[in-house]
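Visitor: So TrEMBL has the following annotated:
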type	residues	note
TRANSMEM	B:55-74	transmembrane segment
TRANSMEM	B:104-123	transmembrane segment
TRANSMEM	B:130-149	transmembrane segment
TRANSMEM	B:155-179	transmembrane segment
TRANSMEM	B:191-209	transmembrane segment
TRANSMEM	B:238-255	transmembrane segment
TRANSMEM	B:267-288	transmembrane segment
TRANSMEM	B:359-378	transmembrane segment
TRANSMEM	B:399-417	transmembrane segment
TRANSMEM	B:423-445	transmembrane segment
TRANSMEM	B:452-480	transmembrane segment
DOMAIN	B:508-630	domain 'STAS'
Number of protein chains: 2
Amino acid sequence: MEGQMEIGVVVEAVHKVEPPPLQTTLDKLKVRLKETFFPDDPFRRFKGQPSKRKWLLTFQYLFPVLVWAPNYSLSLFKSDLIAGLTIASLAIPQGISYAKLANLPPIIGLYTSFVPPLVYAVLGSSRDLAVGPVSIASLIMGSMLRQVVNPNTDPYLFLQLAFTATFFAGLFQASLGILRLGFIIDFLSKATLVGFMAGAAIIVSLQQLRNLLGIVHFTKKMGVVPVTSSVFHNTNEWSWQTVVMGICFLAFLLLARHVSMRRPKLFWVSVGAPLASVIISTLVVFLFKAQNHGISIIGKLKCGLNRPSWDKLLFDSTFLGTTMKTGLVTGIISLTEGIASGRTFASLRGYQVDGNKEMMAIGLMNIVGSCTSCYVSTGAFSRSAVNHNAGCKTAMSNVVMAMTVMVTLLFLMPLFAYTPNVVLGAIIIAAVIGLIDVPAALHIWKLDKVDFLVCLSSFLGVIFISVQEGLAIAVALSIFRILLQTTRPKVIALGNIMGTNIYRDLHQYKEAKKVPGFLILAIEAPINFSNTTYLKERITRWIEEENTMEDKETGLKFLILDLSAVPTVDTSGISFLIDLKKTTEKYGLQLIFVNPMGEVMEKLQRANKIDNFLGVDSLFLTIGEAVFSLSSSFTKGTA
Amino acid sequence: MEGQMEIGVVVEAVHKVEPPPLQTTLDKLKVRLKETFFPDDPFRRFKGQPSKRKWLLTFQYLFPVLVWAPNYSLSLFKSDLIAGLTIASLAIPQGISYAKLANLPPIIGLYTSFVPPLVYAVLGSSRDLAVGPVSIASLIMGSMLRQVVNPNTDPYLFLQLAFTATFFAGLFQASLGILRLGFIIDFLSKATLVGFMAGAAIIVSLQQLRNLLGIVHFTKKMGVVPVTSSVFHNTNEWSWQTVVMGICFLAFLLLARHVSMRRPKLFWVSVGAPLASVIISTLVVFLFKAQNHGISIIGKLKCGLNRPSWDKLLFDSTFLGTTMKTGLVTGIISLTEGIASGRTFASLRGYQVDGNKEMMAIGLMNIVGSCTSCYVSTGAFSRSAVNHNAGCKTAMSNVVMAMTVMVTLLFLMPLFAYTPNVVLGAIIIAAVIGLIDVPAALHIWKLDKVDFLVCLSSFLGVIFISVQEGLAIAVALSIFRILLQTTRPKVIALGNIMGTNIYRDLHQYKEAKKVPGFLILAIEAPINFSNTTYLKERITRWIEEENTMEDKETGLKFLILDLSAVPTVDTSGISFLIDLKKTTEKYGLQLIFVNPMGEVMEKLQRANKIDNFLGVDSLFLTIGEAVFSLSSSFTKGTA
């Protein structure tokens, strides 16, 4: 027994590895499907309820407004009124600006701040989300559609395509929700988004130089290079009046932003600044007749609410590919922003947002929007933050905002005729600059270099190639990383921590010591077709290295594979294990499997029925028991 | 202590979780790159050798012929001579047949059995591989190129495209080897290949009905539906003489195959059958002048060796896309067959084949081939098996085969003028029927249903859509499965096995019992952006379920996360863990991490420096120690 104690094995009973209880393939399939599509178990609260209550719950599930409306009170309304008016003061100038970013008439931006918030108030489950057009989705839609139709020469067709793309975006979003495929947006990781947002912000800002400098002829392309060259090749078009006005208002907006960031209580300063800019600049233009001095203005706008636009949806095969692609990209981007914003504020207040249900709400909102002269909208992060800070209590704040926008649409539109485009450019720049999140990028760099690479490639891809391709590169890299983790799984050599029966990574723990005669390896990934070749090469190399290092007298006798971290194994994996058994025999080693998990154990047993490769003493529940049992039998054998 | 013993905790010292020793980012990158690209450590044998020896080893590495040629002996040559002649007798009829399958002149098939084997003999490291054209790659090349050029109306252009595609296939294969990206072919799993091969065999066989029935006007398409309809819509073209001849020879070939399968010692029966069929049928046609009675024959063939064809390579932009795509698909398919065959016979004989080096050899062989009037070639599985059975010892058997083909090319070509096409069809069908591996499909069905789905979709995709798309669907499914395993990772609830400090799956082990007050979960996947949302929802649901089930008096106090099976964590994963800490606090639980692996531990520490979320008692080396330490402090607290 002396020898045993040295390698730290505590004497204990040897336990058998059990297969999991028998389940039919159908049962397994059911469990698998449930875990894949219904991990949050949305039907849980329906269980054991009377059928009347079930109907109520179903309606409440479909229309979350039924949850909060019955208990709505005047005091709640007071809070929502203030929050609603606050976000309206932001939504009106942003709506006009973002529509211009998408190459659409400014009024479409206001339409989009009217109908979708009303729809969301009925269907959405977030209490903080402020709905309307957003900068990134506007930018993407504008640039993707501009590749096939020129918005200046053919504005009507462009508008049709924008509505159609919005329809597809909504359809795609709602389908994701209904099919419970919401996890697709998870593939846009934080790192991807940080890089993407920063890149998009730079592109948007550069493009706004057009308005800020008063350039008339500007490139249609999106990259940094063509835009910058466009800026400096048209210096003769620069108008000093526009430049002065632009710099003044940009400085004002950035200062307001700075003040609010320093003192969170003064958040209303940055909220009010855009509307103030619009009012002041419009007055300045009106009083000094600046439109005659090189400052371009929005021009006449008609009063009136959204007109129906379902007759404008264009399913013509010439443009179908473009509108579907645009819908897909803007749909997924705006969904990501909407869901992420909803989840952030829900977790701040401690309530739950059901991702799949939100997708249905946002999708339906865009489908309705596309039929009522709106382009793609979602919950904007910055505006939701304002909504939250202004003390909103329910989705009613969206209704208040929509009503304010309605009043504007009905009566105040003529006032915007003299609003200069340069101020809209300044508002956009000031809004998107907040998307460049340097601290987040630094945080990623500190924690994970590969994630930073993803972030960087998404950033560089967006600014040098295109918005869609930058995103695609980053997503491909992220997926490639996951595949690589399976294709090149970690294999760890374990050693015994003296005086215990704990086995841990030899590299990580200095106290862990090799057990003479044993090579103990833990595989940290599913064993499947993509890694069996690697595992074979790697383990063979390990055996050979150990054989040269190992003391010739004792020699390597056992290879223990710890399968605790192998969740699944496929047919290639089983073939690999059988193959490994033969290889180890060639080296004169005995192969032992430790702690195979349910599914792995089941497949080992099934394969054993066919090939009969599991010998006596080839399965143990713990490494400690395996080492104890085998080394004692080994000592007996040689004694 | 009584309470402790009940839940089976053996008293032992509490160990600290250690971070791995410090490493610079560069060192980590080095290790990562080595594991990704050089898992077999090919430079191992260069270590500590004198520089002269290093040069020799380098040359031997590049030209494996230098390893075996110096020790080559007459007795080895005798074995290789027999094996070489045996495979030549198979290679000649198959070469002619497969070239027809690729819509190329029959002589190209013989050219391809002459130059590539010689190149492989110098560069290849397998001793058993018999090199030449193969059925599947021929089929794919023929069908992909036929989509842009009609081989009957424009044979010269078609030939140019075939050589160019071969060039790209070789370039692609060699690049994979040089860039050590060989693991890409691992993504064609066994299941994918079983389905793919069976589907391709059916397509090939159906297409050969054209030759077997003597139909002149035949569809250009590949699917089962158009081919079958083409067969039955041209019944007026069926020629009874051809049909009779075809059935006779097909029966003869299948019988020979059957005999050889029953009695492995009689393997030469099936090997000799194709050549015998060619000779007999040619004689029959010649003697009875059957070409005048509706039997189509090959026609006149010129004598002579391969002519240079580098001037025929066509890098014209009109066809560049097609030739590159064809090169890529045939390249990867033929590479898979070549490497798999090489590995199979190497493991039978107990030597190693370096995958990346083989790729370079096969790639270079195809590049040389494309310049010497050869189309794509690789190591064929069936012919290699014959080579192996015939007792080959080295790659010299390929040289013997090439010499035999050379003699044929120089002197015997006129003899093939009267060979009927129907016999070539019969030879192809008899050869590809062996690719339908029903027992393998059944084996996959028994072991793994998802793998069987992959196999089936690859089969159905090939026969109903197209060869390339069938393959693409199967690969996409396989990759999707890997992604799903990470996106929806297994989370297992653990319980204590009475009387020990072992914790195992509650579902799998009936002896495992819940520890009151503890929820112990093991996550079995890397924690990253793709699964944090899922993990959060799933774990929250678990806590809620436990809270309702748990005895109200004791209540749930601790959530233990066993991180033993979490190899890596990214920035989203770290955010998730910090977030989970907050969530558990809301439920009044303490969160404990057990056994984080090296990289995970490192990142937890780094994140802790920023966010300071790891409290006292939140890290333990084993679950047993955590439960022991926490439940004793808890008991003390309430006592």
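Quick reminder: no glycine exception, Cβ is built from N, Cα and C everywhere.
In TrEMBL, annotation is done automatically, which means it is predicted and not curated.
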Visitor: How about long-range neighbours of the transmembrane segment (B:238-255): same chain, 6 or more residues beyond its ends, C-beta under 8 Å?
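Guide: For the transmembrane segment (B:238-255), the far contacts come to 211-215, 270, 273-274, 277, 281, 284, 290, 293-296, 420, 422-423, 425-427, 429-430, 433.
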Visitor: Hey, which of B:55-74, B:104-123, B:130-149, B:359-378, B:399-417 has the most Cβ-Cβ pairs under 8 Å against the transmembrane segment (B:191-209)?
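Guide: Between the stretches B:55-74, B:104-123, B:130-149, B:359-378, B:399-417, B:130-149 has the largest tally.
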Visitor: What are the DSSP helix, strand and coil residue counts for the domain 'STAS' (B:508-630)?
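Guide: For the domain 'STAS' (B:508-630), the helix, strand and coil counts are 56 helix, 22 strand, 45 coil.
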Visitor: Cβ pairs under 8 Å only, please: of the recorded stretches B:55-74, B:267-288, B:359-378, B:399-417, B:452-480, which one is richest in them relative to the transmembrane segment (B:130-149)?
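Guide: Comparing B:55-74, B:267-288, B:359-378, B:399-417, B:452-480 against the transmembrane segment (B:130-149), the winner is B:359-378.
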Visitor: Look at every Cβ pair spanning the transmembrane segment (B:423-445) and the transmembrane segment (B:452-480), keep those 6 or more apart in sequence, and say whether at least 3 of them are under 8 Å.
Guide: yes
Visitor: Using a Cβ distance cut-off of under 8 Å, indicate which of B:55-74, B:267-288, B:359-378, B:399-417, B:452-480 has the most pairs with the transmembrane segment (B:104-123).
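Guide: When the Cβ pairs under 8 Å are tallied, B:359-378 comes out ahead.
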Visitor: Over the domain 'STAS' (B:508-630), what is the model's average pLDDT?
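Guide: Taking every residue of the domain 'STAS' (B:508-630) together, the mean pLDDT is 87.
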Visitor: Can you name the far-off residues of the same chain, 6+ from the ends of the transmembrane segment (B:399-417), with a Cβ under 8 Å from a Cβ of it?
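Guide: Sequence-distant neighbours of the transmembrane segment (B:399-417): 80-81, 83-85, 87-88, 91-92, 95-96, 106-107, 110-111, 113-115, 117-118, 121, 130, 132, 278, 282, 297-306.
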